[in-house]
Amino acid sequence: MGSHPNILVFDSGLGGLTVLREIVKARPDAHVTYAADDAFFPYGQHSEEALVGRVVPLIGELIDAHTPALVVIACNTASTLVLSHLRAAYSVPFVGTVPAIKPACAASTTKRVSVLGTSGTVKREYTRALIRDFAGGCDVTLVGSVHLAALAEAALGGADVADEAIHAEIAPCFVDADGSRPDTIVLACTHYPLLLDRLMRLAPWPVDWIDPAPAIARRVVTLLGPGSGPSDHQGDHPGAEMVFTSGRLPRFTAALAPYFGGRVPA
Ligand code: DGL
């Protein structure tokens, strides 16, 4: 690995790749380890107790195995619950992914915003507090989706996912109240930007879809520094790894390549 700091990016599945993609662009010199807790996917369906009991020790094992300089919890369902526990337990810096309610409400012209997340994320006290503190007079609709993360994984894996299935998950975000419509939708699950083209196409009217990944990458750069560029020209290139808790071997397909900035993870 040479002088390349290791950044550990963690999610329940492949949604965190949408965050990894921005981190790789922002710090092309860093080694990246992508860890997916696919054995426990989807996180949205687990109780808060089960998730804390699962994620806190698992992140400890990943820190021991990969000695990251920084850990990104690229999962809203986990971040809105376990970040404080992780920071109390481990000294490595953490960056979380939480619903981008503040920028969305600041940007909305109609003052109507929908937050599309897992059913776990929309239930969290953390999410409710973000609305209380940052809605700034906006009317915020929370939409908990049960199936969209799994549909995004299926689509990334090459399955033929029907428009109707995606439309059914996003429809509750689009409520027209006597001509007053949401104009901004927070993508509060890292899986959803995997489907962005289809979300835009299936939306009943145009809206801004807020993906927090670029802001997360900027936070990583603030904490780790700007880095030294893609390569030090001495044959010492940053690498990439993919780890699945199910133990399955990483099945690296062409569809995943863009998320790793062209690297092929070990
Ligand atoms: N990618 C995760 C998030 O950001 C959740 C998907 C799941 O339910 O596991 O919330």
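Backbone N, Cα and C atoms are what each Cβ position is placed from, and that goes for glycine too.
All TrEMBL annotations are machine predictions without curation.
For CYS75 (among others), the entry in TrEMBL reads active site, proton donor/acceptor. Long-range neighbours of CYS75 (active site, proton donor/acceptor) (same chain, six or more residues apart, CB within less than 8 Å of its CB): PHE10, ASP11, SER12, GLY15, GLY16, TYR43, THR97, CYS189, THR190.
In three-state terms derived from DSSP, CYS189 (active site, proton donor/acceptor) belongs to neither a helical nor a strand segment and is classed as coil. Summarising the annotation, TrEMBL assigns active site, proton donor/acceptor to CYS189 (among others).
Cβ neighbours within 10 Å of TYR43 (substrate binding site), excluding its own Cβ and spanning all shown chains: 25. Marked as substrate binding site by TrEMBL: ASP11, SER12, TYR43, GLY44, ASN76, THR77, THR190, HIS191.
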Cβ atoms near HIS191 (substrate binding site) (within 10 Å, other residues, all chains): 32
Residues ASP11, SER12, TYR43, GLY44, ASN76, THR77, THR190, HIS191 [recorded substrate binders]: greatest CA to CA distance in Å: 12
Nonlocal residues around THR77 (substrate binding site), in sequence order (Cβ under 8 Å, 6 or more apart): SER12, PRO42, TYR43, GLY44, LEU51, GLY117, THR118, GLY120, THR121, CYS189
Non-site residues, in chain order, whose CB comes within 8 A of the mean position of the CB atoms of ASP11, SER12, TYR43, GLY44, ASN76, THR77, THR190, HIS191 at substrate: GLY13, GLY15, GLY16, PRO42, CYS75, ALA78, THR118, THR121, ALA149, CYS189
DSSP three-state assignment (helix, strand or coil) for ASP11 (substrate binding site): strand
